[in-house]
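J.: First, the structure itself, so that you have it in front of you.
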Amino acid sequence: MSSESKKIFNIIILGVSFMFIFTAFQTCGNIAQTVITNLNNTDFHGSGYTSMSIIYGVFSASNLISPSVVAIVGPQLSMVVSGIFYSLYIAVFIQPATWAFYTASVFIGIAAAVLWTAQGNCLTVNSDENTIGRNSGVFWALLQSSLFFGNLYVYFAWQGKTHISESDRRTVFIALTVISLVGTVLFFLIRKQEDTKAPGEEDSANEVLGDSSSAQNKMTRAVAAFKKSIKLSFTKEIMLLSVTTAYTGLELTFFSGVYGTCIGAVNRFGSEEKSLIGLSGIFIGLGEILGGGVFGLLSKNNRFGRNPVVMLGIVVHFIAFYLIFFNMPNDAPIAPMKGTDDVAYMIPSKEVAIFCSFLLGLGDSCFNTQLLSILGFLYSEDSAPAFAIFKFVQSICAAVAFFYSNYFLLQWQLLIMVIVGFFGTITFFTVEWEAAAALVARGSDYSSI
């Protein structure tokens with residue numbers, strides 16, 4: 001198999017593995033609060049929002065050390081071990097206990113940091129400046145296919161149900177645990193790239209992938225990776241992109257946890273309110289797949305760069321927020337188990353609610369594919385630290401958002417996203433313009449990025 005074929009194979013396996021793991025995890029996140037609401041009259045007293053806040057809080061802190069972990073262990077084994085922890089978190093819901101639920105939340109936060117740092121490294125090592133846009137899009141489309149499959153099952157399994165029984169819960173979470181484990185095993189199929197650098201030439205991506213039996217060398221690489229993370233954090237480009245990344249953390253929280261809960265709490269949707277959570281997840285997934293596929297595969301023919309895609313993303317999201325504000329009751333995110341009978345500025349419409357799900361997914365893919373692309377382009381030689389910083393900022397903002405989701409009415413959650421999204425778009429444009437100018441200065445074709 002040629003080097004280029006091996007790289008494409010690795011990108012596809014990486015995407016498929018993540019698809020299986022996040023079919024399980026994102027479906028779990030989408031239905032967790034609804035399932036927990038049905039459990040809270042038992043001995044279980046956990047909160048899905050609090051769990052997600054813990055996960056993303058630990059996730060953000062763990063990104064400070066994840067490049068060092070990947071440097072020592074290697075990206076492949078890092079992803080395998082992380083996948084096992086994802087599976088354990090999902091398995092907790094088979095027989096929930098409050099202590100196990102929150103303990104697993106801590107461990108999966110650590111695992112997530114390592115997983116995503118290793119993913120960014122693997123994506124960059126298997127790409128160059130001409131293929132990073134395409135590969136980011138292919139990976140993103142495969143990853144977000146996960147939203148389609150898991151939620152499709154939930155939609156049909158929970159159709160017509162207003163209460164989730166113990167049998168329903170166990171069936172769903174046993175299936176999701178097995179699916180997550182399948183994705184974990186697939187990481188073993190990723191093939192290591194050979195070092196093509198000339199002797200004496202350094203590349204931190206290859207350093208991370210390199211083999212060394214010397215504990216001292218591994219520790220040296222770990223310390224070097226940590227220092228690079230700190231150094232990169234204070235560069236102009238990273239600080240500007242952090243505003244954009246912060247927005248992706250806020251809207252990630254909204255579409256992955258809050259919006260499904262809102263739909264499930266609207267009593268005016270009748271007996272379909274619970275199955276609509278699954279349908280919402282399906283349409284979020286369709287938006288993600290469409291965006292990832294189109295903007296990734298067409299990236300080589302995009303002579304205008306990344307800015308138009310990000311502009312489309314923010315416009316699509318603002319339309320979605322506007323429609324959600326009119327369609328959803330203001331107390332939907334924090335409604336009790338019995339739901340809410342309130343009405344916003346129009347009679348709640350299932351069609352509008354599901355259309356907004358599609359818009360949320362499409363807008364999210366616009367931002368994330370372009371962030372993955374510009375990070376891989378700007379930091380091809382410092383991929384692990386750069387992606388760790390990206391996930392650090394994203395996850396800490398997601399943690400904050402999951403925390404305030406316990407208390408804030410819908411209108412305030414939407415307003416926060418509008419403000420941060422606006423400034424995040426401006427800062428992305430600034431970095432992209434500077435990257436384009438630097439590319440033209442060295443005689444490269446801007447349309448190739």
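Glycine is no exception: its Cβ is also placed from the backbone N, Cα and C atoms.
Pulled these from TrEMBL:
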- 12-36: transmembrane segment (TRANSMEM)
- 48-65: transmembrane segment (TRANSMEM)
- 77-94: transmembrane segment (TRANSMEM)
- 100-118: transmembrane segment (TRANSMEM)
- 138-158: transmembrane segment (TRANSMEM)
- 170-190: transmembrane segment (TRANSMEM)
- 238-256: transmembrane segment (TRANSMEM)
- 276-297: transmembrane segment (TRANSMEM)
- 309-328: transmembrane segment (TRANSMEM)
- 386-404: transmembrane segment (TRANSMEM)
- 410-431: transmembrane segment (TRANSMEM)
J.: Spell out yes or no: are there three or more C-beta pairs under 8 angstroms between the transmembrane segment (138-158) and the transmembrane segment (100-118), with each pair 6 or more apart in sequence?
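T.: No, the transmembrane segment (138-158) does not contact the transmembrane segment (100-118).
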J.: Quick check for me: are there 3+ Cβ pairs below 8 Å between the transmembrane segment (170-190) and the transmembrane segment (77-94), leaving out pairs under 6 residues apart?
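T.: With 3 or more qualifying Cβ pairs, these stretches touch.
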J.: Quick test of the contact rule: Cβ under 8 Å, at least six residues beyond the ends. What residues does that give for the transmembrane segment (276-297)?
T.: 26-27, 30-31, 34, 133-148, 150-158, 255, 259-261, 263-264, 269, 309, 313, 350, 353-355, 357-366, 369-370
J.: Suppose I define contact as three or more CB-CB distances under 8 A, residues 6 or more apart in sequence; do the transmembrane segment (309-328) and the transmembrane segment (48-65) meet it?
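T.: They are not in contact.
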J.: Would you mind listing the long-range same-chain contacts of the transmembrane segment (48-65), meaning Cβ under 8 Å and 6+ residues beyond its ends?
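T.: Here the qualifying positions are 29, 32-33, 35-36, 101-102, 105-106, 108-110, 112-114, 117, 226, 229, 249, 253, 257, 261, 388-389, 391-393, 395-396, 398-400, 402-403, 405-406.
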J.: Can you tell me which parts of the same chain pack against the transmembrane segment (77-94), counting only residues 6+ beyond its ends and a CB-CB cutoff under 8 A?
T.: 17, 21, 24-25, 28, 32, 35, 69-70, 100-101, 104-105, 107-108, 110-112, 114-115, 117-119, 122, 169-170, 173-174, 176-177, 180-181, 183-184, 187-188
J.: Quick one: find which recorded stretch in 100-118, 238-256, 410-431 has the most Cβ pairs under 8 Å with the transmembrane segment (386-404).
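T.: Top-ranked stretch among 100-118, 238-256, 410-431: 238-256.
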J.: Do any residues, 6 or more residues outside the transmembrane segment (100-118), come within under 8 Å Cβ-to-Cβ of it, and if so which ones?
T.: 44, 46, 50-52, 54-63, 65-67, 69-70, 75-76, 78-79, 81-86, 88-89, 92, 384, 387-388, 391-392, 395
